[in-house]
Amino acid sequence: MRAAVIVFPGSNCDRDLAVAFGQAGFSVDMVWHKDDRLPEGVDIVGVPGGFSYGDYLRCGAIAARSPVCNAVVEHAERGGYVLGVCNGFQILTETGILPGALLRNAGLKYICRTVGLRVETADSAFTGGYGTGDVIDIPIAHHDGNYFADDDTLARLRGEDRVAFTYQDNPNGSRDDIAGILSANRRVLGMMPHPERAADPGHGGSDGTAVFRALAGVLQPA
Amino acid sequence: MREPALSPELIDAHGLKPDEYDLILQIIGREPTFTELGIFSAMWNEHCSYKSSKKWLRTLPTDGPQVICGPGENAGVVDIGDGQAVVFKMESHNHPSYIEPYQGAATGVGGILRDVFTMGARPIAAMNALSFGEPSHPKTRQLVNGVVEGIGGYGNCFGVPTVGGEVRFHPAYNGNCLVNAFAAGLADADKIFYSAASGVGMPVVYLGAKTGRDGVGGATMASAEFDDTIEEKRPTVQVGDPFTEKRLMEACLELMRTGAVISIQDMGAAGLTCSAVEMGDKGGLGIRLDLDAVPQREAEMTAYEMMLSESQERMLMVLRPEKEAEAKAVFDKWDLDFAIVGETIAEDRFLIVHNGETVADLPLSKLASSAPEYDRPWEATPIPEPLADVPQIDPIDGLRALIASPNHAGKQWVYEQYDSMVMADTARIPGLGAGLVRVHGTDKLLAFTSDVTPRYVRANPEEGGKQAVAEAYRNLTAVGALPLASTDNLNFGNPEKPEIMGQFVGAIKGIGAACSALDMPIVSGNVSLYNETDGQGILPTPTIGAVGLLRSADEVIGCDVRDGHVALVVGETAGHLGQSALLAEVFNREDGDAPVVDLDTERRNGDFIRANRELIRACTDLSDGGLALAAFEMAEAAGVGLHLDDAPTEMLFGEDQGRYLVACNFDQAEALMIAAGQAGVPIQSVGKFTGDSVRIGGASAPLSELAALYRSSFAAAVA
C-alpha cells in the first residue's frame, strides 16, 4: 500500500497527511512539486492543505498548472485514487478533476474550528468506514471554503450520490452545505475539512481516522 | 546619486540627539557620510540599542540548568530533555501595527518566526498579546480587525499553529496599540545556530527575498513618539510575504543540515546594517559588503536605502566556502535568492562599497558596542491610596457585566481566525488557559502562555511585574506543566519621563524577583519604549511569555468538568478588590493597590497542583474577575451549570493571587483536601458544577443565556 503526498513550496499540512496515511499502514512518499511523475506503484495520491504557491492569483490555480499536477491528473484519469484536503480540494477543482470552485468564505474571514459533518454517502473507498447519515466532528481551517457549483452540477452531484460530506451548521456559505465531493468514478475525494487533524486521540477527537482506515481496507493487497 | 549634506535638521530627523552626534564625530574623527549617518541612527536607536533599558535588563535572572542560551541571540534556547531544545522569544511590533494594522501585525509575526528558525528550530507554536484602545474609539475597530487578520494571514500561510494569547482594551491604548508576537520552535540541542561570524575571508551570503525600499527607517520610527503626522509614516512599514517566509524557513533548515552554515542572522530591524554588524561584532571580525551584489527589487536604490531597508524574509549568513555549490542548490530548489555580497575581514571595519565607491567605512566594534547607554532618572511610583468602599452587588449582575465586556468575553472571534491546529500536534486550542502542543514524535508536550495585568503594573509596578510572571506560572501549572523559562516583552511610554522610567524600573524588579523565585529565567525578550501619542502614554505592559514542559500526556490536567463535580479553590482568598476587573468594568473605577504576590506561596501552591494532578479533572488559575469569572468560564467550556455558595462580593470577585479553581468528583475532592492539609495549602470547597443554570448564592441565570452573551460580546464590540 503506497501513498504519495504532494509537496508544494507552500504546503503546510503535507506532514500531517503523511502521518495519517502512515498510521493507517501506508508507506508514504513525499513528491516535490517540480517532479513530473509519481513514484511507481502509488495507490493513492494525497494533495495536502496549505498555501501551495502562496494562494497568489487564486487558491490552487498555480498549483493546478504545476508539473506534478499533470501527473496527478493522469493518475486520476487512469482510475487512481486521490484525496485532496483543503487547499488540495481547491487544487483538484482548479485542475478540473472535480467540478465547482471554492470561493471566499461568506463571512469573509478565515475560520478555524471543529465542525459537525454529515456523511452523505458511505459508498466510496474514503467513506466506507462510516454509515450514511453519521455525524462526525472534523476541524476546518480555511479562508476560501465556500463551495460553489451551478444548479446543473449540484443536481448531477446529488443525482449521482457524489456529495460525500455536508456541514451540519454551514460555516462558510457553501451551496447545499457541501463540505466534500467525489469524482464520477468515486475514486477522487475533495474536502475542505481536515480528517488528518482528527486522526489520533491526542488531537482531542479521532473521527477522521475512518477515512484513512477505509482507504487502507480497500487498497490492501489481496 | 549625490548624498545630501548633513545638517542639524537631518541629524535630528534621524533621531540622534546633539550629544549622540558629537559621540559619532569623536569615534570616527570626521563628519559621517549620509549613509554612515543612517547606519549610526539604525544601530543607536532605542529599538536596536536598548540604550535606556540595558542597565536594568542586566539585573534580570537569565541562567539556570535548563538554559542553553539566554538573551543576546535571536531567541532563547532551553533544554527539554532527550537532546531536544525549545527556542523562543516574544517581540513587539507596536508602532508599525498602529500605522498599518494588517502589514504591521503580519510582519511582526514574520519577524518573530525568523528569529526562531534562524537558530535552527522549526516553529511549532505562536501566540500574540494585543492591547487596543477603548472599543468605542474611532480607530479601535479598524485596528482590531486589521491586526487579527494580519496575524492570521501570516501565521496561517506560514503554517505555525497559534495556540494562545490575550486581547485587552483600555483608553490608555487609544493612541498606541500593542502587538506582541511570540514564537517557539523545536531543535536538536546540539544543532543550534548562532550569529557570531568566524574565520577571515569567509563569504557573506544574502538569502531570501529581494531588497526594496519598504521599511526604510522603521527602527528609528519605532523609537519615537507619535503625533498628528502619523499618516506620513506609513511608508516606513514593511510588507510581508508569508509564502516567501515559509520557503525561507524550509531552505534555511535544509541548508543547516548540509553543514554549510558558519553563522546566520535574520534581517529584522535595520535590515542589512544590524545583521552584518551583529555577526561581525560577535565574531570579533570586520565585514565588507558590496551592495551591487545585493538582490534588488527596485531600480536605482541608493546605498542608504539598501542599508536601512526592512524588506522582509531576508537572512544573512557566513558560509563555508567549500559548500557554496551545495548551498546554492538548496536555495535554487526553493526559488529564493542566494548571493555572495561580501566577506569577513580581519580589520575592525564595516566597509560598504557601492558602484565601486566606498560609501561607509566605520569601526565595526564601536558601531555595535559604543551606543550611548543611559542611566535615565526615575521616580518610584507612589503607593496608591487605599481602596475606597466597594458596594456589594448581585453576583449575577457582576458576572454579566464582566462577560459583556470585550475584555473578559470569550475570544472565539479572534482565535478562530488563526489556524490553531496545523502541524496536527495541538493538544489544546486557545480559549481556556495555556495552549498545549505535542513535541512531534515523542510523548512530551509543551505548554505556552502569555500574561500581564497592566492595571496592576500602573498601580504598583513591582507587584504588577511579579504578578505577570506568577500568572504565567499558574497558567502553565493549571494544565499540568512544569514552568521552564520565560521571555519578556516590555512595553512602556517615554523613558525620558522619570515617572515612566520609574514604572520600568519597578516592573523589572518585580519580574526579576518572580523569575528567580519560580525558576523561570528570562531567556529572551524585547523592549518597546516611546509608546506615547501627544504625550499620553500607555499602561505599563510588560508581557511575559512562558513555556512549560510535560513529560507525557499522562501529566496533562484536562478540561473534563462533569455534572456533579465539586468546585474547590486552592490558595487563600482574602477578598482583594483593588485594581480588579470588577471595579473597572462595573464601577468604572481603577483605584486601590495591586494584589500582593507572595512568591513562596505561589511556588508551594503550584507544586501542590502538580503533585496532585491525578485527583484533578479540570483546573484554571484565578486572575481577572476572580472566582466568579473563572468558575463561569469553566462551566461554559464544559456546558455544565454552576452553583457557587453565597459569599460577599469581594470573595467572589476578589483577585487574590496564588489561587486555582479545581473541579473533581467527591472522592477526589476529599483526597485533595487531605493532601492540602498535609501540605499546609489552604483549600476550600466553594460549590459544584451541576444542572443548566449559573447560581451564585440566591441569584441565578440560565447557563445558555450567559454563554450566549459570553460568546457574542467580543464581536458585538469590535467586529
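Each residue, glycine too, has its Cβ placed from N, Cα and C.
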(message) Quick check: of B:ASP12, B:ASP488, B:ASP563, B:ASP591, which does TrEMBL put in the same ATP site as B:TYR50, B:LYS89, B:GLY525?
(response) B:ASP488
(message) Starting from the substrate binding annotation in TrEMBL that includes B:SER92, B:HIS93, B:ASN94, B:HIS95, B:GLN238, B:GLU310, B:SER311, B:GLN312, B:SER528, which of B:ARG114, B:ARG288, B:ARG551 is the extra site residue?
(response) B:ARG114
(request) Tally every other Cβ atom lying within 10 Å of the Cβ atom of B:ASN94 (substrate binding site). (result) 26
(request) Could you pull out which residues elsewhere in the chain have a CB under 8 Å from any CB of the domain 'Phosphoribosylformylglycinamidine synthase linker' (B:14-51), counting only those six or more residues past its ends? (result) 3-4, 6, 8, 57, 217, 219-220, 222-224, 269-270, 273-274, 277, 302-304, 307-308, 350, 352, 359-363, 366-368, 370-374, 495, 527-530
(request) Restricting to the same chain and to sequence separations of six or more, state which residues have a Cβ under 8 Å from that of B:ASP488 (ATP binding site). (result) B:LEU60, B:MET90, B:ILE511, B:ILE522, B:GLY525, B:ASN526, B:PRO542, B:THR543, B:ILE544, B:GLY545
(request) Counting only CB pairs under 8 A, let me know which of B:72-186, B:200-350, B:434-549 has the most with the domain 'PurM-like C-terminal' (B:563-693). (result) B:434-549
(message) Using DSSP, what is the helix/strand/coil residue split across the domain 'Phosphoribosylformylglycinamidine synthase linker' (B:14-51)?
(response) 26 helix, 0 strand, 12 coil
(request) Compute the centroid of the Cβ atoms of B:TYR50, B:LYS89, B:ASP488, B:GLY525, then list the same-chain residues not in that set whose Cβ lies within 8 Å of it, in sequence order, for the ATP site. (result) B:LEU57, B:PRO71, B:MET90, B:GLU91, B:THR487, B:ASN489, B:LEU490, B:ILE522, B:SER524, B:ASN526, B:VAL527
(request) Out of B:TYR50, B:LYS89, B:HIS93, point to the one nearest B:GLU310 (substrate binding site) in space (Cα versus Cα); all of them are recorded positions in the record. (result) B:HIS93
(request) Would you count the other C-beta atoms found within 10 angstroms of the C-beta of B:GLU310 (substrate binding site) for me? (result) 31
(message) Between B:TYR50, B:GLY525, which of the binding-site residues has its C-beta surrounded by the fewest other C-beta atoms within 10 Å?
(response) B:TYR50
(message) With the substrate site defined by the record as B:SER92, B:HIS93, B:ASN94, B:HIS95, B:ARG114, B:GLN238, B:GLU310, B:SER311, B:GLN312, B:SER528, how many Å span the farthest pair of C-alpha atoms?
(response) 21
